[in-house]
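Swiss-Prot annotations:
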DOMAIN    4-200  domain 'DPCK'
BINDING   Ala12, Thr13, Gly14, Lys15, Ser16, Thr17  ATP binding site
Amino acid sequence: MTYVLALTGGIATGKSTADQFFKNKNIPVVDCDQIAHDLMKPKNASWQAIKDNFGTEYLNSDQTINRKKLGQLVFSDPTALNKLNQLTHPLIFDKTIQKIKMYQDKDIVILDAPVYFESNLDKKKIANGVLVITLPEATQINRLKQRNNLTDEEAKMRIKSQMPLNKKAQMADFVIANTGTIEELENKLEQLLIKIKEEG
């Protein structure tokens, strides 16, 4: 049976580095953010839902979603964020299940789901185990500012839009603190894989 490991954490905590580590091990990664991104392309399901519910002012001239403008709205207005999530999360969930089923012949599949708990995927029993990657908030803010070219305030608002990392850690099966080098993170991930294979 395939072991589905949900990978979550906060923004800029090191999930992409973990993804790359697993891909290098030939372990398939189902990326919920990529699925969400694809569904937002013109004429796709999320695109239609956003256009119908938020209006054409959130579209660019080429009909793509103005992600920056939509982001500014939802990361500053919890009601708008909740509305967006209610529209898109069921669509993302259906596509995610389809993707996971494609890898039924694999021992392990990684489900990269940044908002795993926020979107109630834990209630749907979609994964066999949940890994949370944590990071001190000051480091998280600095990484996010550099990566996304955000102000201090914008970075803090994005972090606050997600469930606190310490709460996610309490709900997880495995917790890795990403406080060192990439090599140290990879060593911790390697140990986790060994543990899962031994228990599986």
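Glycine residues also receive a Cβ, built from the backbone N, Cα and C atoms like all the rest.
Those residues of the chain, other than Ala12, Thr13, Gly14, Lys15, Ser16, Thr17, with a C-beta within 8 angstroms of the mean position of the ATP site C-beta atoms are Gly9, Ala18, Ile133, Leu135, Asn178. Within 10 Å of the Cβ of Thr17 (ATP binding site) there are 14 other Cβ atoms, across all protein chains. In the three-state DSSP reading, Ala12 (ATP binding site) counts as coil. With every protein chain in view, the residue among the binding-site residues Thr13, Ser16 whose Cβ has the most Cβ partners within 10 Å turns out to be Thr13.
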